[in-house]
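The annotation domain 'Kinesin motor' is assigned in TrEMBL to 8-357. Under the heading ATP binding site, TrEMBL lists GLY116, GLN117, THR118, THR119, SER120, GLY121, LYS122, THR123. The annotation coiled coil is assigned in TrEMBL to 373-488.
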Amino acid sequence: MSNYGREVIKVCIRMRPLLPPYEDEEIWGIDSRTSTIFTLTSSFASKLLDVSSNSSGSIREKESRLRYAETLGPQSFTFDYIYAPDSTSQQIYYEVSRPIIHRVLNGFNGTIFMYGQTTSGKTYTMLGTPDFPGILPCSIREIFQTIVKDTENEYNVWISYIEIYNEQINDLLAPGKVNLKVKEDPKQGVVIQDVKQQQVWTFDQVILLMNYGEEHRTYRETSIHEHSSRSHTLFQVYIESFPRASKGRGRIRYSCLNLVDLAGSERLNDFDTKNVTQIGEAGYINKSLFILAHVVNKLAEGKTKHIPYRDSKLTRILSQALGGNSLASIICTVSPAAMNFQQTLSTLRFASRAKTVQNTPHINEILGELANSNEIKAQLTNLQQELLELNTSKIGYETRCKFLENQLEKIQKEIHAKEEQFERMIEGNNKEREIIERLQMVIEKQEVDMENERIMINGQYQKVMEKYQEERRVRIELEKELDSHKEILGRTIKSEQQTLSRLNMLIVKSGGSPVDIPSPNFSYHPNADMNFINSLVFHIETDVSIPPNSVNEWKDVSSRLVNDYRVSLERLQDQYFNKVQTLAERLIDDQRRIQEILISHRGELRNNEGMF
Ligand SMILES: Nc1ncnc2c1ncn2[C@@H]1O[C@H](COP(=O)(O)OP(=O)(O)OP(=O)(O)O)[C@@H](O)[C@H]1O
């Protein structure tokens, strides 16, 4: 085995296009020149403030996103590669995966894994479609094309395909084989016990097997993705190669390519809370991704000891790719949508930490039967020397061994206790997270209810104000009408008084006593009597003879007139005051109702504040 240097994990980001009609505006932008991804904060803020727009998400959700983004300020991340929404999987394959494939063919282990929230495009990038093949088919094609062209070496290739569903390993190429165990192999490192390893010779054969495995993989329709992977999958390609001339008795290189498609992280409140299967699956997915992030964090901090690989099957299987003997690339898929802002940010933070993790890849090589005999002889001499040394210090060694065994047992117990404690902590965390998410849902609902109520109260207030305006308008019109009546009445009374004065003059002239002229305070109500008086005055003034009974008659008429004026005026005043009274009462009533609604609304607000 030769010595090799350390290599950091390569990390690339792929941003998929917006998925209409559910997703709203873009919040992330890309500068391909500098491989930077950044927030379009100003447009984000302006778009989120426009809460009345038709875009998806509740008003509360948008406001909380805005608050979150404002608190954080502009975000920007730089990676090895960043791919814009119009990039192809083939392009990513050429730049990110192909260099690894060629080194795997030379005896290095290699791992490429997809990481990102649900619906961000992991499976699309890994498997692709018939028109746009993904990383997996492109890698397999490259392997066989290279093997065919290599005239110096001979190769054997095997594949296996497993899924980790609810922390249980199931064989996708042998569907009956479930709950497989993981074990340490001195030669190959961590391996899956009893997994079906199928030898393959062509690209088509591998694709057939891949499709067969896909049929048995666990997918489910969720509220946000109709074909969502509910498990992590691991597609492994084992390659053995040796120079044709040695016929397998010289140096043999063996390597393994791991293609990992992780299930997406998701928020528990994106699920129907009554769907126990979905909630359970999401819990397992989130827990294993949490442990993966924990492992990456520890490695990123530069720690090499006590890395909690054993806390999940996923991290145990990926231990070679994370800080071990493997080349590794992580392809993080993200959504550009404002509604996925927090999940994208969390993926980018994971990616930032992952790109500082270092591995120590080396060529895996063993010696065949007729390998360099000098090397074997040298090794034999070393071993004999070691044996001699061991024999001489056998007693000390045995004592030391005993001591170490005891120590080991003690440490194992401690580890076990810590593992249990950690399990309980994670369970507690999950429960707390669930409670917080439920509380958030309750708060969200109450805020929506309060918003609706506020809109309703505004509507009612608006109506009351309109009614009040209308009644005010009617009152002003009534006052105007009354004024005009008064004016007409005044004018009429004046003209009638003049007529009656003229009549009195005639009466006095003819030796009679004058009649009382009514005061001008009374209302006028036109009637036939006035016509009669007018004709009487006309007769007198024009010396036309007046019928003898007419003088008494006009006296009656004039006193009736006075009464009529009074009654008419009083009726008019009554009507006017009644109307004004009714309007005032209605106004007071409406104001009282508005007051009551506002008081109860404030009371509820105070209750809600008290709750949270
Ligand atoms: N780069 C892309 N270009 C066009 N469409 C894409 C792209 N990436 C993803 N999609 C589409 O987005 C949807 C979700 O993609 P995909 O199934 O790959 O998501 P995922 O991350 O694997 O989700 P899950 O974790 O729920 O399985 C699919 O309809 C897919 O066709």
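Just so you know, glycine gets a Cβ as well, placed from its N, Cα and C.
A Cβ distance below 6 Å to any atom of ligand 1 is met, among the binding-site residues GLN117, THR118, SER120, THR123, by THR118, SER120, THR123. Compute the center of the Cβ atoms of GLY116, GLN117, THR118, THR119, SER120, GLY121, LYS122, THR123, which mark the site for ATP; besides them, the chain residues with Cβ within 8 Å of that center are ARG16, MET114, TYR124, GLY264, THR333, SER335. Around GLY121 (ATP binding site), the same-chain residues at least 6 positions away in sequence with a Cβ under 8 Å from its Cβ are ARG14, ARG16, THR333. In the three-state DSSP classification, THR123 (ATP binding site) falls within a helix. Other C-beta atoms found within 10 angstroms of the C-beta of THR123 (ATP binding site) number 25, with every protein chain shown included. When Cβ atoms from all protein chains are considered, those within 10 Å of LYS122 (ATP binding site) total 26, not counting its own. In this structure, THR118 (ATP binding site) belongs to neither helix nor strand by DSSP; it is coil.
As a whole-number mean, the pLDDT of the coiled coil (373-488) in this prediction is 74. Other C-beta atoms found within 10 angstroms of the C-beta of GLN117 (ATP binding site) number 23, with every protein chain shown included. Cβ crowding, taken as the number of other Cβ atoms within 10 Å, peaks at SER120 among the binding-site residues THR118, SER120.
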